[in-house]
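**Student:** Below is the structure I would like to discuss, written out as structure tokens.
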Protein chains: 2
Amino acid sequence: MNDQVSKQQPIDPKHLALQKTLDIICGKWRLYIIYQLGTEARRYGELRRMIPAISEKVLIQELKALVSLGVVEKKSYNEVPPRVDYSLTEKGLQVLPTLLKLTAIGELFLEP
Amino acid sequence: MNDQVSKQQPIDPKHLALQKTLDIICGKWRLYIIYQLGTEARRYGELRRMIPAISEKVLIQELKALVSLGVVEKKSYNEVPPRVDYSLTEKGLQVLPTLLKLTAIGELFLEP
DNA sequence: TACGTTACAAACCAAAAGGTTAGTGCTATT
DNA sequence: AATAGCACTAACCTTTTGGTTTGTAACGTA
């Protein structure tokens, strides 16, 4: 009707930070992948075996996403058969302790 | 090929707890609603005004979900016009500090 | 020569999440 | 009499997420 008031809502910086956090941890497997990486680098196939319920496509997709978010880094060694491993970046390691505390929340709400 | 090994994957309790946590915080608005409730009860209309970008339907939907998860509680006062308010449950308050730390993660990854 | 291993990519599909719009019952205000 | 405020509900639609399946290149092994 009247668009003098532009649609830009005042962007709450807290909201922005929360959204970024959600980008990183939301998704059925994100947190669990981060958790499995922990402090050790893991090969793609290793991760597959550690999380058998995830599909290949989704694992790769999630790893890619985590790489582009800057949480995980990927190293390819030029070998045959191919060899690739994934590990947490420095920032990823920084936030790991906070993320691991999230299991406590789940545990609290799991008990009846 | 051979299904002697049943498909039931060993349910990692960590994974279970993480999934529960994700149930609680995932969703575009969940965390922000929890954050807005903080330690005060808020009326439905108040929340709407505090988070203008959310649609009515989604706000109610998320509040319902949070109530059934045991994070939020709802009180209806029998008045006209209707009056309802939402607040964190005891468990909700317990986990609030951990959840608030998540903004720090977002902030870390927001900076270039 | 056929097959397995490794780390993917592409095509396709179903379910879930998020969103728009309109309508409800009651009262108070204009 | 029409409108607005409150706290919703219902119908519908689009986008995102997660998943299955098949294919790939390079080599080693049976």
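Backbone N, Cα and C define each Cβ position, glycine as well.
Found this in TrEMBL, in case it helps:
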- B:12-112: domain 'HTH hxlR-type' (DOMAIN)
**Student:** Report the DSSP secondary-structure composition of the domain 'HTH hxlR-type' (B:12-112) as helix, strand and coil residue counts.
**Tutor:** 63 helix, 14 strand, 24 coil
**Student:** Mind looking up the mean pLDDT for the domain 'HTH hxlR-type' (B:12-112) in the predicted model?
**Tutor:** 95
